[in-house]
């Protein structure tokens, strides 16, 4: 019987096709973020570029930050707590080149302050990687009054992007067009965006809220592509894979036990370095130069859920909805009191 956790869309993957088809757990032959950089000749070759990452101090964020630093470019690593960030990222930090940026993505005030700080230090931004996130937590509101999963997974990132949008556009070059990379999740299958009740007032359920926010991440990058792709700014979203990180801290222990109990699930799991590989593909893959509006998994464009598969792989039909994407964009501007 085929492993239901293996995507059936590895025909275009070339070098790693077999590794993805023969999953064997964290640290197997599937590529790491640094492998992807090497494959794309990006090691120490981007010294004139600037990158910003959110959610840098835990899980795949650390490995994504490590890969960004390896490009040779200027890197800003967004962290909620500067002291914890310094401890987690100590071996990556390099004064004047790889720096921490205080950023609590769930606080719109913090996002505005961080964007202002960034712009005071840099007039350039080539890739924005929106990686910070939470998953399946109990219902809570942020200080701004937004549902917390929506605020942290999506709305804070939308605000950060909007505040840096003109810098991304002006930094785009013919040889490397600017990119916005949103780390979404297979959890987008759980729900489309609930446009008429986006904060899920009176209908909150933790997985529905997660799906609502993670589909919003996909819609955001699709709409960036629609609006700005022809101007040299591209949006890509992705599923990093199954990685054991602090992201799961709110998940019911029994659910976690079920997730990890089957052999296919154990083999499906990736290390954090492997989990960051798809993010780095979206950010630096030469096959995505000048392209966007796609959802990636396993370092390539995802196809639909394979027959007999599970919702852990593949992309849901509702992930591409041009009408919904425009409505979400307009709603987000209104919620954040922004104008175009």
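Cβ atoms are placed via backbone N, Cα and C, with glycine included.
Over in Swiss-Prot, the protein carries these features:
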BINDING   60, 84, 104, 131, 162, 210, 214  NADP(+) binding site
ACT_SITE  184  active site, proton donor
ACT_SITE  210  active site, proton acceptor
ACT_SITE  214  active site, lowers pKa of active site Tyr
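Cβ neighbour count for residue 214 (NADP(+) binding site): 29 (other Cβ atoms within 10 Å of its Cβ, all protein chains included). In this structure the C-alpha atoms belonging to residue 162 (NADP(+) binding site) and residue 184 (active site, proton donor) are separated by 18 Å.
Here the Cβ of residue 104 (NADP(+) binding site) has 21 other Cβ atoms within 10 Å, regardless of which shown protein chain they belong to. Take the binding-site residues 84, 162: by the count of other Cβ atoms within 10 Å of each Cβ, the lowest one is 84. Between the C-alpha atoms of residue 210 (NADP(+) binding site) and residue 184 (active site, proton donor), the distance comes to 10 Å. Sequence-distant neighbours of residue 131 (NADP(+) binding site) (same chain, 6+ apart, CB under 8 A from its CB) are 53, 54, 55, 56, 60, 61, 64, 183, 279.
Largest Cα-Cα distance over the residues recorded as binding NADP(+), namely 60, 84, 104, 131, 162, 210, 214, equals 27 Å.
Separating the Cα atoms of residue 214 (NADP(+) binding site) and the residue listed as 'active site, proton donor' is a whole-number distance of 5 Å.
A separation of roughly 18 Å, to the nearest angstrom, links the Cα atoms of residue 104 (NADP(+) binding site) and residue 184 (active site, proton donor).
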